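One structure is given below, encoded as structure tokens.
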Amino acid sequence: SIPLLQDGQSKSITLSQVQIASLLANAFYCTFPHRNATHPKAEYCNYPTINFQSLFAKWSDQKEQKFRAIFHYFQVVTEESTVPRGLVTFSRCHMSTFTDWRSCTALLPKLYITSEGLIEKDGQGMLQVDFSHNLVGGGVLGNGLVQEEILFLINPELIVARLFTEKLGDNDCLKITGSQQYSEYTGYSDKFQWTGPHEDKTPRDEWQRRHRQIVAIDALNLKYPKEQYNMKNVHRELNKAYCGFKGDDNTHPDYYPAIATGNWGCEAFGGDPKLKALIQLMAAAEARRDVAYFTSGDRYLQMDILRMYNFLKTDGITVGRLYKSLESFCEEIRIYQKQPSD
């Protein structure tokens, strides 16, 4: 049986692309009976759904596009001439020791920021951030069609992580090494469209894994946007981002690839893009990685973040000083919110 990537553990599973195709074919035909129960005492209640029945229900134009991507994947992996022969590694990383952010002396990393381009296309060779749900894949097998779901549709091998990855805790991330991109697309959310095959020419490592690493980190899903200006939540997001960005202890930091990211925890999750950008820059600084930031077409946000970054970088402000400034800012917000309105 396939081992589980359980809460509180650091553990890896490596599967061949053929094994993944077989597991996803079973998921398509809904042959994992123990995964249908979702009540609180069910054996797998803390795991994402893996059977495709939710994708078959309540047909929509968006689901048609999802199926086009999935059917194309199955077409590729079942044809003798195109069946993939590599491996994919799924690594759950649990962080048990934490950074003292107030005392951190790291300076902000190098930043490349653009309103054009895409993480998965222009972040090749970098650590690519999946703006994840705590149940990895989010709504990929349902109605969801934002960054994470699109990523899982163009790289369907990621979907198999839902079979064995327990809900991510505050100090967990999931890193996937070696997945293959099968599809091209345009649009986002209800404008998403599958546009055709993608021939993945990414080279493979000595394990026959594609040189592509994706890290799933789940931001807080904010019911009220003002909650993000609570220092407890800032601290949580810093630790979560650092857990995802932290490199392998066996690799010298000079060889860590940069991080390809963007508006993590924003839009559907309710985050302030400038605050989330700052948090990611601080975590990347401590992880000793540079950052490529894609604002998804928002030129105004690009300029706002760049102005903020240049001001902080020119002043040589450390992550520790920034953390203390955020503490002061959050306290001011707290006091202001307690004042009676006129």
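Every residue gets a Cβ built from N, Cα and C, even glycine.
Straight from TrEMBL, the features:
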ACT_SITE  D130  active site
ACT_SITE  E148  active site
ACT_SITE  E149  active site
DOMAIN    2-92  domain 'PARG helical'
DOMAIN    99-302  domain 'PARG catalytic Macro'
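Shown here: features listed in TrEMBL, placed on the structure.
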residue : record      : Cβ neighbours (10 Å)
D130    : active site : 28
E148    : active site : 23
E149    : active site : 21
Legend entry - Within the domain 'PARG helical' (2-92), residues counted as helix, strand or coil by DSSP: 37 helix, 13 strand, 41 coil
Legend entry - Three-state secondary structure, which DSSP defines for D130 (active site): strand
Inset, instruction - Taking only the Cα atoms, work out how far E148 (active site) lies from D130 (active site), in Å, as a whole number. - result: 6
